[in-house]
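Trainee: After the structure tokens below, expect a handful of questions from me.
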Amino acid sequence: MEARNHTAVSEFLLLGLTEDPALQPLIFSLFLSMYLVTILGNLLIILAISSDSHLHTPMYFFLSNLSLTDICLSNIAVPKMLVNIQTQTQRITYTGCLSQVCFFLVFTGLENCQLAMMAYDRYVAICHPLRYTIIMNPCLCILLVLLSLLISVVHALLHTLMVLRLSFCTDLEVPHFFCELAQVIKLACSDALINNLLVYFVAGLFAGVPLAGIIFSYINIVSSVLRMPSSEGKHKAFSTCGSHLSVVSLFYGTGFGVYISSAVTDSSRKTAVASVMYSVVTQMLNPFIYSLRNRDMKGALRKLFGKIASPL
């Protein structure tokens, strides 16, 4: 193959989910609907929390940050995909492709950390209720978010800078609907061993540590709840964790599902279809999970709708 240095590469081709022209209108409508639902649902969560003083607690502070992260994640890949379908082109610039790689890593990493922070918040609330307001003070909450953002940015920049050292071939077709790190590395003509080792090592570390923190938190939560004398107290404690557990299961379940599908199949297209779950669907479902399973969020949303409807 004729190799070209990365400085000579001007664009990549995003092949999308299918090459069948007859399916493109259906895919466009489906992804546009999911995108709009994601933006609207997460925006309502943020507005409901900010407008209700009763929800100005660490738990809902982290939830509003999670919704903001989901909005950012949904804006990384879907708009470009919709534009490409509408204009019937598959092109994305080299800079645009690396930007997608970088920002996707930033916000998936941030969501990963935020789920761990929310688990820690529930651990403190249930296992150390008398010290909750002292431990989970506003300064600590803000510090945790900023620290998570810093770690996520460093993680993303590390991978992006390592991609910059690669040389690419004339075959620049990405069998995906956005520039995913693993797919971009596969296109390199130069030796990508260091990149691949870094992906596995950092992914294991970056996903493993927060997941271990979540598991540790819930082991202690379950232990504390089982020691509670009243069944009403147990039910209330578990109900506050139900939404978070659902989101954690969805996030890590879809992520591991994509990893397993890429390991058992050689078809990059099938992996791309599977990745829709963790890159699009998860962000769309999170607002429904938190609003349908949480009485306080339902009340805040009703108040918000009442304020919106009252001037009319």
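Glycine too: its Cβ is placed from the backbone N, Cα and C atoms.
Heads up, TrEMBL stuff is auto-annotated, nobody curated it.
The domain 'G-protein coupled receptors family 1 profile' annotation in TrEMBL covers 41-290. As annotated by TrEMBL, transmembrane segment applies to 26-47, 59-78, 132-158, 197-221, 242-260, 272-292.
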Trainee: Could you name the stretch, out of 26-47, 59-78, 132-158, 197-221, 272-292, with the greatest number of CB pairs under 8 A to the transmembrane segment (242-260)?
Mentor: 272-292
Trainee: Can we call the transmembrane segment (197-221) and the transmembrane segment (272-292) in contact, meaning three or more C-beta pairs below 8 angstroms at a sequence separation of 6+?
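Mentor: Between the transmembrane segment (272-292) and the transmembrane segment (197-221), which are separate recorded stretches, there is no contact, as judged by 3 or more close Cβ pairs.
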Trainee: Which residues, given as numbers and ranges, are at least 6 beyond the ends of the transmembrane segment (132-158) yet have a Cβ under 8 Å from it?
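Mentor: Result: 58, 61-62, 65, 101-103, 105-107, 109-110, 113-114, 117, 121, 124-125, 198, 202, 206.
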Trainee: Report, as numbers and ranges, which residues of the same chain sit near the transmembrane segment (26-47): CB under 8 Å and 6 or more residues beyond its ends.
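Mentor: Contacts with the transmembrane segment (26-47): 16-18, 63-64, 67-68, 70-71, 74, 78-79, 81-82, 85-86, 280-281, 283-284, 286-288, 290-291, 297, 301, 304.
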Trainee: Looking at the domain 'G-protein coupled receptors family 1 profile' (41-290) alone, can you tell me the average pLDDT?
Mentor: 88
